[in-house]
Amino acid sequence: MEMKLPGQEGFEASSTPTNVSAGELDSDLGPGPGPSPDGPSATESKELGVPKDPLLFIQLNELLGWPQALEWRETGRWVLFEEKLEMAAGRWSTPHVPTLALPSLQKLRSLLAEGLVLLDCPAQSLLELVEQVTRVESLSPELRGQLQALLLQRPQHYKTTGTRPCWGSTHSRKASDDEEAPLREQRQNPLRQKLPPGAEAGTVLSGELGFLAQPLGAFVRLRDPVVLGSLTEVSLPSRFFCLLLGPPMLGKGYHEMARAAAVLLSDPQFQWSVRRASNLHDVLAALDAFLEEVTVLPPGRWDPTARIPPPKCLPSQHKRLPSQQREIKGPTVPCLTSAEDRHRHDPHAPSPELQRTGRLFGGLFQDVRRKAPWYPSDFLDALHLQCFSAVLYIYLATVTNAITFGGLLGDATDGAQGVMESFLGTAVAGAAFCLMAGQPLTILSSTGPVLVFERLLFSFSRDYSLDYLPFRLWVGIWVATFCLVLVATEASVLVRYFTRFTEEGFCALISLIFIYDAVGKMLNLAHTYPIQKAGSSAYGCLCQYPGPGGNESQWTRTRPKDRDDILSMDLGLINASLLPPPECTRQGGHPRGPGCHTVPDIAFFSLLLFLTSFFFAMALKCIKTSRFFPSVVRRGLSDFSSVLAILLGCGLDAFLGLATPKLMVPREFKPTLPGRGWLVSPFGANRWWWSVAAALPALLLSILIFMDQQITAVILNRVEYRLKKGAGFHLDLFCVAMLMLLTSVLGLPWYVSATVISLAHMDSLRRESRACAPGELPNFLGIREQRLTGLVVFILTGVSIFLAPVLKFIPMPVLYGIFLYMGVAALSSIQFTKRVKLLLMPAKHQPDLLLLRHVPLTRVHLFTAIQLACLGLLWIIKSTPAAIIFPLMLLGLVGVRKALERVFSPQELLWLDELMPEEERSIPEKGLESEHSFSGNDSEDSELMYRPKAPEINISVN
């Protein structure tokens, strides 16, 4: 009967370990001081803000070769998961969840109960430790000497030299001879790089000895961790030592008992308890607690040779906390400072950024005081190679966005604004925002909703014969005024009502705009460069037949014998310039003199570049979680995925040498509209009262700016991103208001937070743990919060006007492919997309999502259908003359979400969405029924709702 072991995630330490002596056997060595403070440990101990235990590396050494030549060989190792040495194949197995036979644990318990247990042993070397564990009455002096010599024999560690696996030297030299100087192989072991600083070792020795009459078991916890020579393959200070020896027995009794001991030490719960054990009873109680939590797999219902792969997400360990840790949890809560820790302790508590002060501009002043201490680190934290990759990626996306929206703005305003204004405005507004904003990771840009409003405002000005830029100036002044009023009254606290329902609708709309624009641009290319007929050559050139003098043109490659040979040959195998004029015309060419001129199929090759950049960027981003290449290579390819995709597209375009449309960058620094300066006249040809009438459209635009800016801010500042420097909703809106005033005076486009590019910016700055145990996925640590990447991006955008000789070689189809990648990746990462897929899946093929365990499928589909209807309505309104009310429709999403409280219960909304502030206050009164409604393992699912997850709305989710 096999058992599936409890979760393998680390636990916290609640107090200083008890200082105990090792018993009478240690009296001659004298009492020692208490144990040193424990070093760093696993994740959840950090979450509760208490001391942590070091990570433990466990190695199993077995005594092989009885009765001929005895030697110790390493056969297994554990960090979080088990790795077995496959001797026949000459390699380590893949990390897997260990399974044990129940009798092995029972035999181990009996052996420890009757054996030797030393706690806080003061031994400082392997020799002293061996003397301690062999000081047993049942051993005669002769047997004790033989056993000590055997235990001091250096073990053979498996290693790889080049491409050939081999063992260490097989001599019987004592490990104590050079225990003070770890072997070179130990220091160079690549496993050491996967272990965090402060890690400790535990060693389990087992085997069969014919000269022993009865089993010998010993468990030792060293008072001070010490390096025991070459006992372990990695040079680490050892904390635990377990010895399991005895006379020969049938089967693999000692091997399985040794595996059981190693698995126990690798379990964080047992390890936490045994570190603080004061006597044998405490050790056995920890083992019994382990046995109470194991899951039994019935025999005959599974394959014992199968290996269970490590889970992608380890379950919460809070329920396995011992009572001492639970008592400590309460007093440590005030020590929690980050927003993530506060959210974990009280999921419904509003963040301090969204609490009213009751004073005029009180929220703004609080944001400034909160962000000021972080200002120096906002630049120092950017000194990392990852930031360089982020700059290249976001710079190209920003330049492409500026050119795309600049061109669209020029079409919408008949040249009143254009690419030059787009470049200058993006550089000035973006750089100023990065220097002053509360959330500098935000990327400002022209957005689809604002562009729609610009088009409507220009149409209104044209219909009423108004001077557009002066009228637009007053609209911008009124918008800045209204936004300042919103900042003064702390209206940003209303973003608490922006639940995931609103965020997903807005994010899906912006992502679809990116996808629609990218595909639309490619379709426009097909109209500009018509696709050639099926019979025409896809690639030809202008060639000349040889003249009378017999000199052939340099472009002529072959010359057919006669006209029949020309017509009988496939066009893909000959030069199309050899066709006679009638056949040239029939095949889609253009006769020119004695030759036939064929134009390469630009649309076809543009589509090739478009798809190449898109799929290559997606593939490189996904390679991070693949099994190919070392982790360093995978991480580098993933970080530079977009840059490499663009370089590949540029290289392919240069290799083909085709006249594909290239990136157009302004070459002169002057306004697009001839005859105007950079400062806009306040009135121009307009009457003065139009400056007052501009307040009405400004009110609608203010709603749009507030919704566009704050929804993006809420998405970027979600607790899942583990931001440590806090948000600045009021400060961000204040900066946007000031920039609205500046850009209106200069006649530049209006800018707000760009959702997709900002999410891409944050994704390119994801921090993940580098020291990962074998089988463990990298832990998401947060975002590299700083101001420098955005600042450099916008400075480069301004300088791009002078980089035209370089940027002109970038094909536009390649950049459209990157736009498509950003839209598709953002759209596919939100829960809304997953629920849309459920509509097309039969129930038996649906994934085991947590929400499907607690919400009926019909209710899930109803919620998704409502979201789809809202998204479709937003798209229709955006695309029709009724787009003037588009800001009100965005605000209406909050109203629709509020109305859903009459359709869905709070428990259903808790799983499908998030609770609004009023619902959160009502949950403690009537929400206990939801907690009691969960049974069995489902009770663990309720914890997952408030556990920090990897960001749910971002560009690449593992």
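Glycine residues also receive a Cβ, built from the backbone N, Cα and C atoms like all the rest.
Just so it is clear, the model here is predicted, and its values are computed rather than measured.
According to TrEMBL, the compositional bias 'Basic and acidic residues' annotation covers 339-348, 922-932. Feature annotation from TrEMBL assigns domain 'Band 3 cytoplasmic' to 56-163, 182-304. What TrEMBL records for 359-917 is domain 'Bicarbonate transporter-like transmembrane'. Annotation source TrEMBL lists region 'Disordered' at 1-48, 160-199, 307-356, 922-958. The annotation transmembrane segment is assigned in TrEMBL to 390-410, 422-453, 473-498, 505-523, 602-620, 640-659, 688-707, 728-752, 788-807, 814-832, 865-894.
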Tertiary contacts of the transmembrane segment (473-498), defined by C-beta under 8 angstroms and 6+ residue spacing from its ends, are 350, 354-357, 360-364, 457, 680, 682, 690-691, 694-695, 697-699, 701-702, 705-706, 710-711, 713-714, 729-730, 733-734, 736-738, 740-741, 743-745, 747, 750, 894, 897-898, 916-917
Would you list the DSSP helix, strand and coil counts for the residues of the domain 'Band 3 cytoplasmic' (56-163)?
32 helix, 41 strand, 35 coil
Taking a Cβ cut-off under 8 Å, which residues six or more beyond the ends of the transmembrane segment (640-659) line up next to it in the same chain?
389, 392-393, 396-397, 600, 602, 605, 608-609, 612-614, 616-617, 620-621, 623, 809-811, 813-815, 817-818, 821
Cβ under 8 Å to the transmembrane segment (728-752), counting only same-chain residues 6 or more beyond its ends: which ones?
353-354, 361, 363-364, 366-368, 370-371, 405-406, 409, 416-417, 421-422, 424-426, 428-430, 432-433, 436-439, 442, 444-447, 450, 454, 469, 472-473, 475-477, 479-480, 483-484, 486-487, 490, 492-493, 495, 671, 676, 678-680, 705-706, 708-710, 712-713, 717
State, in range form, which of 422-453, 505-523, 602-620, 788-807, 865-894 has the highest count of Cβ pairs under 8 Å to the transmembrane segment (814-832).
505-523
Can you give me the average pLDDT across the domain 'Band 3 cytoplasmic' (182-304), rounded to a whole number?
86
Which numbers of helix, strand and coil residues does DSSP report for the domain 'Band 3 cytoplasmic' (182-304)?
45 helix, 32 strand, 46 coil
